[in-house]
Amino acid sequence: MSILIDKNTKVICQGFTGSQGTFHSEQAIAYGTKMVGGVTPGKGGTTHLGLPVFNTVREAVAATGATASVIYVPAPFCKDSILEAIDAGIKLIITITEGIPTLDMLTVKVKLDEAGVRMIGPNCPGVITPGECKIGIQPGHIHKPGKVGIVSRSGTLTYEAVKQTTDYGFGQSTCVGIGGDPIPGSNFIDILEMFEKDPQTEAIVMIGEIGGSAEEEAAAYIKEHVTKPVVGYIAGVTAPKGKRMGHAGAIIAGGKGTADEKFAALEAAGVKTVRSLADIGEALKTVLK
């Protein structure tokens, strides 16, 4: 088992013929992902990377039976791309694009909830179930099928956790980058709930960062509902207050959202926290005895 995606997931790409869509679709195909086509308005009826191109998501879904879409569309047009995917009946949307206006995301979030559609992102690396399906921009070769579920607000820090779990021989069930924006399609709790139910996942690594209250909310959820061991790390311990650190959501505002507060919340919930990414492997060794 795994969560969200597996070897049978049929995937289309929106923004398929652009440079990002092309490069990452090539990588996904090489990894073994079941890419079945792509969407670029005006280029319908052509082929790209040996796959059919469609003008609309609805046409792509009708022709291919795709259930997942990955979006590499410039930020100003992303809202329409997501709404189009929802309207076409796509059940899993993975939005890689960074810089989508917050107001656009408010509209999108309402529509996602109304339609019961799961979205990962925006501003995220995507989702990978090692050895089966890779949707996003992750380096496939560092992953290894296994028993640790990883959920993170950061892309590159996810890869650090992956490398450690691979090097220590644990491997990963599924890795989910939920993204670094203030309004994500899915939050920590959504993914923790899935990992808790997934029989393949024996432990969870959760990587948070300063800003917002997502980690504190996740800690409260873990305390009540998660029986599997969780290893937690928070990025931004030395971040100055009021300065945005890379991600739009990574800012300590009004004295709230500091790394220390988040570490304290996780520790109070029984999470095994580490103060350095380099300690994740060792921490997992202690909780997976």
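Cβ atoms are placed via backbone N, Cα and C, with glycine included.
Look at His247 (active site, tele-phosphohistidine intermediate): DSSP puts it in coil. Sequence-distant neighbours of His247 (active site, tele-phosphohistidine intermediate) (same chain, 6+ apart, CB under 8 A from its CB) are Asn123, Arg153, Ser154, Gly180, Asp181, Glu209, Gly211. Swiss-Prot lists His247 with the feature active site, tele-phosphohistidine intermediate.
Ile96 (CoA binding site) falls within neither a helix nor a strand when secondary structure is assigned with DSSP, and so counts as coil. For Thr17, Gly18, Ser19, Gln20, Lys43, Ile96, Thr97, Glu98, the entry in Swiss-Prot reads CoA binding site.
According to Swiss-Prot, the substrate binding site annotation covers Tyr159, on the basis of sequence analysis. In the three-state DSSP reading, Tyr159 (substrate binding site) counts as helix. Its own atom aside, the Cβ of Tyr159 (substrate binding site) has 19 Cβ atoms within 10 angstroms in the protein chains shown.
Note: the CA-CA distance between Gln20 (CoA binding site) and Tyr159 (substrate binding site) rounds to 20 Å. Taking every pair among Thr17, Gly18, Ser19, Gln20, Lys43, Ile96, Thr97, Glu98, the residues listed as contacting CoA, the largest Cα to Cα separation comes to 24 Å. Scoring each of the binding-site residues (Thr17, Ser19, Gln20, Thr97) by how many neighbouring Cβ atoms lie within 10 Å, the top position goes to Thr97. Less than 8 angstroms from the CB of Lys43 (CoA binding site) sit Thr17, Val53, Asn55, each of them six or more residues away in the same chain. Rounded to the nearest whole angstrom, the C-alpha distance between Thr97 (CoA binding site) and Tyr159 (substrate binding site) is 18.
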